[in-house]
């Protein structure tokens, strides 16, 4: 059964309206925010920059940069010029706590990568993002609830 884009299929196969509390898309939020799971969130919080990096929220996106006299990839780490970057935090997921995964040598919450489909709830299990639908809903072929 396929529902219109503004509806979801419930557990009984019926189309029900999507109830969203704050936003449906980025343009429903201020320019500095992104729409994340129905809520406006500061883009710099939704897409955190690396260690010692500066973040500016604009155009619904986080723009990361290294400050003057700092170098490196601002999405991973900025270090003072001439200084060796800090050692990597991880090489594989097993180097991180069970609720984190290894990405770019850092232990991160995999749910912050916006991996779940529309209406799904994300939680971390054994280093992986697991997406579940709220009670009364089920996943469609695109992992939307």
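Including glycine, each Cβ sits where the backbone N, Cα and C put it.
Pulled from TrEMBL:
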DOMAIN    43-79  domain 'EGF-like'
DOMAIN    110-145  domain 'EGF-like'
Task: Long-range neighbours of the domain 'EGF-like' (110-145), counting only residues six or more past its ends (CB under 8 A) - done: 8-11, 18, 36-37, 46-48, 93-94, 96, 98-103
- [ ] Give the residue counts of the domain 'EGF-like' (110-145) per reduced DSSP state, in the order helix, strand, coil.
- [x] 4 helix, 11 strand, 21 coil
